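Colleague: Under the heading domain 'Tyrosinase copper-binding', TrEMBL lists 202-219, 383-394. Residues or ranges marked as signal peptide in TrEMBL: 1-18. Marked as transmembrane segment by TrEMBL: 474-499.
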Amino acid sequence: MLLFAMVFLLVILQSSTGQFPRACANTQSLLRKECCPPWDGDGSPCGELSRRGSCQNILLSQAPLGPQFPFSGVDDREDWPSVFYNRTCQCQSNFMGFNCGECKFGFSGPRCTERQLRTRRNILRLTSREKDKFLAYLNLAKNTPSPEYVIATGTYAQMNNGSRPMFRNINIYDLFVWMHYYVSRDTLLGGSNVWRDIDFAHEAPGFLPWHRVFLLLWEREIQKMTGDVNFSVPYWDWRDAKDCVVCTDEYMGGRHPTNPNLLSPASFFSSWQVICSRSEEYNSQQALCNATREGPILRNPGNNDKSRTPRIPTSAEVEFCLSLTQYESEPMDKMANYSFRNTLEGFADPRTAISNLSQSGLHNALHIYMNGSMSQVQGSANDPVFLLHHAFVDSIFERWLRRHRPMLEVYPAANAPIGHNRENYMVPFIPLYRNGEFFKPSRELGYDYEYLQQPALSPFQEFLTPYLEQARQIWAWLVGAAVIGGIVTAVPAGLILVYQKKRRGTPSEVQPLLSESEDYNNISYQSNF
C-alpha cells in the first residue's frame with residue numbers, strides 16, 4: 001500500500017517539475033538556448049541570491065578531435081549541449097545540479113560542506129533484507145515517473161530548431177536506459193543514411209569516466225526517490241564464475257522453465273518491458289527512440305557464441321589488465337594496443353593487450369555472455385544486471401587508478417574520437433560534466449568498494465604513500481643499479497690498491513686504506529643507469 005501511495009503521489013507531482021531538465025524542455029528555453037532554472041530555496045536562477053551559482057555561457061573545448069567522425073554540424077550531440085543550450089548554471093563551491101540545488105558527489109549538508117563516503121558492496125554478501133530492499137528500489141524506479149527530467153523524442157531539426165518542442169515523460173529507471181541509448185545511437189544523416197562509427201560513451205577514452213557518472217547519477221536518483229541517502233549500487237564480482245550466479249529468482253531473475261530466452265515468471269523482472277532496443281527500426285525511420293515498450297527482457301546466459309566469448313572473464317585476465325601502465329594509446333579507439341581502457345572494455349585481448357575484434361574480453365565478454373538484451377549496446381541497460389556489471393567494471397578502473405596514480409594529464413586532451421577529449425562535456429548529461437573531472441579516485445567522489453577498503457591513513461602516511469608506491473615499483477632497478485655501481489667502483493679501486501702496494505713496498509697487513517688526512521665526507525660512489 002505504501003509503495004502504491006508513493007508511485008501515485010509522484011505521478012500527480014510530475015507535471016511540476018536526466019536528460020533534459022523538465023524546467024528547460026519548453027519553447028522559450030530552446031529559442032533562448034538557455035537552461036538556468038530557479039532554485040526553490042530562494043527563487044533565483046541557479047540559486048544566485050544564495051551564492052550557489054549563476055547563469056553563464058558554456059565554454060566548449062577547442063581541442064582537435066580524432067578522424068573517426070568525418071562530419072560536422074549533422075548530429076545534435078556535437079559540442080554538447082550547444083545545439084540545445086549555450087547558457088547553463090555554473091555552480092560554485094560544492095554545489096551541483098541543473099539549478100545548483102544539489103551537492104557535488106561526496107558532499108552533503110545544507111551548504112554542502114560535510115564529506116560523506118558510501119560503500120558499494122558485493123550483492124552476494126548482502127543480507128536478505130538488504131538484497132530485497134535493493135530489488136524493491138529497482139522495481140519502484142521502473143514504476144515511478146521522473147519528477148525532474150524528460151526525454152527528447154525528436155532531433156533539434158525535427159523540433160523546428162526549438163519552436164516545436166518534442167519531449168515526453170519517462171520513469172526513473174527507463175530514463176537511464178534512454179540515456180545509454182542516446183549516447184551510443186547512430187548518427188542520422190537523412191534519407192536512409194546513417195553513420196555507425198560513432199559512440200560518445202564507448203570505444204574510446206571516455207568509456208570509464210562516462211559510466212562512472214552514469215552510476216553516480218543513478219544512485220542519486222534512487223536516493224532522492226526513496227529518501228535513503230545511504231543507498232549505493234551493489235556489484236557482482238564475476239571473476240572466475242562458472243555461470244551467472246545472480247541469474248536466479250532470489251536475485252536478478254532465473255531462467256523461464258519453457259522458454260530459455262525469457263526470465264522466470266517467479267521474478268518480477270519478467271514483467272518488465274524494454275525500450276530503445278530496435279536501432280535498425282529507428283534508423284530506417286530517421287527517428288529517435290521514444291521509449292515505447294518493446295517486449296520483455298531477453299536473457300539466455302551462457303548460450304552465446306563460444307568462439308567469440310568462451311567463458312566469463314578470469315582473475316588472471318583482470319590482473320594482467322591492471323598491470324598495463326598506459327591508460328590510452330593511439331588511435332584511442334577499439335584498435336588501440338596496450339591500452340588499459342581498451343583491454344578492460346574488451347576490444348583488446350586480456351592476455352596480450354593487442355586489439356582483436358574477433359574476440360570479446362572482460363567488460364564486453366560479460367555482455368555477450370548474457371546473450372540477450374544486455375548483448376546489444378544501445379539497449380543493454382534494460383537488463384538490471386547491467387548495473388551490477390558496470391559497478392564491478394568501475395571497481396577495476398578504481399584499482400588501476402590507485403595502483404598507478406596517474407596525473408590528470410594522462411587522460412588525452414586532444415585527438416580522441418568525438419566527445420572523448422578531456423575537456424569535452426559528456427553526452428547527454430545536464431548538468432554538465434567533463435570527462436577529465438571523473439578521472440580520479442572514487443573516494444574523492446564519495447564512494448568506495450567493499451573489497452578495496454583499507455584502514456584509514458594518518459595525514460603523514462597519506463603524504464608518504466605515493467612516494468613509497470613509486471619506490472616499490474623501481475626497487476628492483478635501484479638494487480640492480482647499486483650492485484652494478486659497486487662492481488664498477490670496486491674493480492678500479494682494487495687495481496689502484498694493488499698498484500700502490502707494489503710501488504710503496506709496504507706489507508698489506510699494515511698499509512692503511514686511507515691516510516688520516518683524507519676527508520671521509522668527500523668520498524662518494526656514483527653510477528649511471
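Any Cβ shown, glycine's included, is placed from N, Cα and C.
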Colleague: Tell me, roughly as an integer, the mean pLDDT over the domain 'Tyrosinase copper-binding' (202-219).
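Modeller: Averaging the confidence scores along the domain 'Tyrosinase copper-binding' (202-219) gives 98.
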Colleague: For the domain 'Tyrosinase copper-binding' (202-219), what does DSSP give as the number of helix, strand and coil residues?
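Modeller: Counts, helix then strand then coil: 13 helix, 0 strand, 5 coil.
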Colleague: Kindly report the helix/strand/coil residue split of the domain 'Tyrosinase copper-binding' (383-394) according to DSSP, in that order.
Modeller: 10 helix, 0 strand, 2 coil
